[in-house]
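To keep things clear, I will list the structure first and then write my remarks on it.
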Amino acid sequence: MISRKAQKDFITFFLYLFVHIMLWEWLRPLEQLTDTSNIGVFLLFILLSFLLAFMGTSLLVSIGIKMAYIVWMLHFLYFEESIFQLSWISQFVHDVIENIQILFARDWSSLSNIFRSLLFFILLWLMTYLIQYWLIKRRQILLFFLLTLIYITVLDTFTPYDAGLAIVRTVISGFTVLGMLTFYRLLEKEVIQIKTIPIKKWMYPLLIMIAMSVGFGLASPKAEPIWPDPVPYIKSYGKDSGTSDGKGLQKIGYGLDDSNLGGPFIGDNTVIFNAEANSRHYWKVETKDVYTGKGWVTSSSRDEREPFGYEELVPIQSYNNDAKVEIKEEVSTVFSMGNDAHIVYPLGIKQIIAAPFYTFEKETATEKIHSIEGNIPVSIEQYSLVFDKPSYSVTALNEASSVENVAADRELIDHYTMLPDDLPSRIRDLAIEITEDKDSWFEKTREIEGYFRKSGFSYDQLDVAVPGPDDDYVDQFLFDTKRGYCDNFSTSMVILARSIGIPARWVKGYTEGEYKGLGDTGSRMFEVTNNNAHSWVEVYFPGVGWVPFEPTQGFSNSVQFNFDTYLAEDRQPEAIEQEEIEREKPELADKNENKTVSAFSFEKLFDRLKDLLTDHWKWIVSIILVIAFLVFLIYHFRGRWLPFYLAWRFKWTRKDENLPKAYLLLLRELGRYGLHRKEGQTLRDYADYVDRFFSSSEMGRLTTCYEQLIYRGELKAGSWEETKELWENLIKKTIA
Amino acid sequence: MTHEQIHPLIKRVLENIEKVMIGKRNVAELSVIALLAEGHVLLEDVPGVGKTMMVRALAKSVGASFRRIQFTPDLLPSDVTGVSIYNPKEMEFQFRPGPIMGNIILADEINRTSPKTQSALLEGMEESSVTIDGVTHHLGKPFFVMATQNPIEYEGTYPLPEAQLDRFLLKMKMGYPEMADEMEVLNRVQKKNPIEELEPVIDLEELRELQMKCKDVHVDETIKRYIVELSNRTRTHGSVYLGVSPRGSIALMKAAQAYAFIYGRDYVLPDDIQYLAPAVFAHRIILKSEARFEGIGAEEVVERVMNRVPVPVQRLVK
């Protein structure tokens, strides 16, 4: 490294100026995006640092000045009394000591503002030193320039910060600095005194080129972004998601309006609530009963509500009080993170336990429960839900569709088998075809549910069609696209069931969420995000009640069917598939079933992987490309870092066995440097060539030593120690 | 290879030869190599470039007895090996040794004599002994033959068969001296021939010792493998009709040992092999006639082979 005295010429001043502009760009967004204020103070510090560097102030003086500035500014920002009263100093020292302890405790959020500012000053100090080193010693700034560009573009993309002008400023200053530094590097390579050559001849074309390219860049038309702006989806927090306008991308999540289903969805990780539960179960929000051909609406007004207090039973009857459903009381607790003024509840809800000042209203049409405080709908932060977890007897379900039972519930059944008049008839034909071998409603429903797992359907969130004005949503999915997400599958199943007279309704809510581990009380913790918004099917069985079904690929039903005697009589693969849910209670299933279950879950895993691939292949491909590109860069520029690494690696070795390793690596590195050894060239010949190239005798001396090792078979002890320096010098010469 | 020290005794020999042979250091060196490796040399060149002078200078420098056989078409094997003559006084046959019974022999224009006579010499070269009338006579030790061959005359010559050529360790050319060197030659011989004044610089005992020491020079497995790969490659080369025999590989190794020894090294380098390979291999290769038409020489083939065979730069992993 050539040591250079501080140059106080015009060009160096401009170098510092432009680099200052670039560093400024790092600070600009802070004011807008973080709670950092008084950016000017920091900016002044950078300016001061560069000025001191430009003036060539000696190290000690410069450290003194900078420290004085930092202390002065910290006082200015955080202390009231006069700087000369000195009492603030003890306060400050105390604060620093305390914060260092916090630092070691890794309790980042507790750091005080004054300490943060101090750290920030130190960071800037390091930054300015590093930049000065790049600028003056290495004469390279590309890395910093690139990082600045990436920083700005990322901020522009993902935050409200508008970097339109920032990018122009950065490009101008970055390219100017790059151009000037190239000039310097050339001068130093050719050992030319700067005074002897006309700088203008270089600088004017440089400035003209930059001005022209920036001018063209500004003037030329900009193409619209190819990717949709990800920001709105990241920014929004669930409340406005899920509403579909039938066009364009929607964000996954829970919404109110389902009258126009279809179209692609993208994921959203916003957490809606955390839950503590003893077993996994879906979370219901509401149900819909009327299918329009495009989506779901409710038959009666949503304002029709049934209020109830916090200690009253929830007016939703989940099971017809029969002994036909085995129930087990459980309690789940919801910790709400969003602003939804409704309750999410499991199937079999009995009671909501929350603070006594909350009351609830149940929408009759949808079974949606609103949480009310006074008269205002509010979001309850924490509430527990007492519910009966069902385990349906298959025998009972099979018996439910007997003629007497159906007649008893005629009205309800008629309501939930309503279909639009213009429903294509082939839907019904398909439903009949699917269920032709089966007798009971339950078996038929299971056939329909299972139909989606085969027959070429695939789960997809992006490539999902929107039905045209003349299309039926279900018809399009069943016969044309066969690609879709939960809405497609669940709606289709409801319509298929209804078309053959089985009463069914559409349920919206969330899946059990992501399992996060055991909570304090031994119950399981789940995190439910907008990604877990889901829709499924409930089928009404007279005498039993509403029973949930899960037609969507990649999801499994969260309720249990108890195959008591039914299984023994008629063992069907589809039936066993449902048993997967019962993994949690393996004692219920016999060994044979377990086997089948594991085979099925493996298949399911494969399906999920496939879904993942099909849903996110663009992301996966781009990540792979980026990684490949990075690997390529690292490999391509290995000349910059590999010799350092090798020199470091062998620096501390003493054993002579390292000589051959080191020597062969040196050969490789020399080859990479451009000094190729021909296959038939002897080492000695090659060493002569290398030494002539570097005007040294190091390679020859090292080679003589190595020759002894490989052609004589032995080596004087300590040879590596002796030749290590030669080797190090050589390997450093291969730095690109 | 300037930074290597030549063995002091050899240096003296070479300097001694240089008093007579100006500017022919490499030829002298190769001759000494052959002498140390206990091999023989075939010199191919036009008359008058100093072949005889070379051999005589070498013989004188090492204090060896020098014999010269001028091969002619009518030379008989007994003229080479010696003959038993009846001595009437002693009433018995007495063996009169032929010129082959010396230490250093110049076999001048070896291709001029009949194959019968040639083989008498070549047999001696190979066996280090000759059998005459049922009695085996051991040849001198050291025994070093330097045969010459005139490449331009073909009329009335008996070219050496390939099998015979194989017995020479090296084949080399003298070449004309440089202009300055030739002028210096003229200067030196103006008054009297400097060969007359040449004194031995080492004795035969020392020479034998040097020959023994050459055998101790280490030839690593990597180098042996390199030698074998080189000769193997000559056998499969497209332009070659007959490649280098295993005897050629041995010859190369021995020559390399001697060469390394001269330069004071106790191990052989690939550089040694590459330096010597053309001289050791070229006369053992028979080219296809197409190659000869294309003007490719055996030396070129050896060069090409050397460019293709990778030099060992790592120890063999067994």
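Glycine residues also receive a Cβ, built from the backbone N, Cα and C atoms like all the rest.
Unlike curated entries, TrEMBL annotations are predicted automatically.
The transmembrane segment annotation in TrEMBL covers A:10-27, A:39-61, A:114-135, A:142-161, A:167-187, A:617-637. According to TrEMBL, the domain 'Transglutaminase-like' annotation covers A:478-553.
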Closest-packing stretch to the transmembrane segment (A:10-27), where packing means Cβ pairs under 8 Å, from A:39-61, A:114-135, A:142-161, A:167-187: A:167-187
Surrounding residues of the transmembrane segment (A:114-135) on its own chain - C-beta under 8 Å, 6+ positions past either end: 15-16, 19, 23, 36, 42, 45-46, 49-50, 53, 66, 70, 73-74, 77-78, 92, 95-96, 99, 141, 143-144, 177, 181
DSSP-assigned states of the domain 'Transglutaminase-like' (A:478-553) in counts, ordered helix, strand, coil: 21 helix, 34 strand, 21 coil
Within the predicted model, mean pLDDT of the domain 'Transglutaminase-like' (A:478-553): 84
